[in-house]
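Engineer: Sending over a structure as structure tokens; questions will come in a sec.
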Amino acid sequence: MHGPKATLQDIVLHLEPQNEIPVDLLCHEQLSDSEEENDEIDGVNHQHLPARRAEPQRHTMLCMCCKCEARIKLVVESSADDLRAFQQLFLNTLSFVCPWCASQQ
């Protein structure tokens, strides 16, 4: 750098590869022509096995009280499909009431 401010000519980077050996980035893997897809680990054809139930996961939802509009944090544990069915109830008539409004009734 020459002077108090840097100029573009002062900040020129010369990038060069660290190794001179060229690296082949192509994948030379060949897939088998078998019609059945086998699992790599156990060799079992999973297409004919019954479907496993999805593992439940924890989901956090922020809802509003239908009376005072206070925020309510709801935590459920379910599969993604069951959670989707639960969310469909919100589109109909299902509403939540906060503990304070529930105690006032």
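Cβ atoms here come from the backbone N, Cα and C positions, even for glycine.
Copied straight from Swiss-Prot:
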type	residues	note
REGION	1-49	region 'E7 terminal domain'
MOTIF	25-29	motif 'LXCXE motif'
MOTIF	83-91	motif 'Nuclear export signal'
ZN_FING	65-101	zinc finger
Engineer: Within the same chain, where does the motif 'Nuclear export signal' (83-91) have neighbours whose Cβ lies under 8 angstroms from its own Cβ atoms, ignoring anything closer than 6 residues to its ends? I mean 6 or more beyond.
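Structural biologist: For the motif 'Nuclear export signal' (83-91), the sequence-distant neighbours (Cβ-Cβ under 8 Å, at least 6 residues beyond its ends) are 59, 76.
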Engineer: With helix taken as DSSP H, G or I, strand as E or B and everything else coil, how many residues of the zinc finger (65-101) land in each class?
Structural biologist: 14 helix, 10 strand, 13 coil
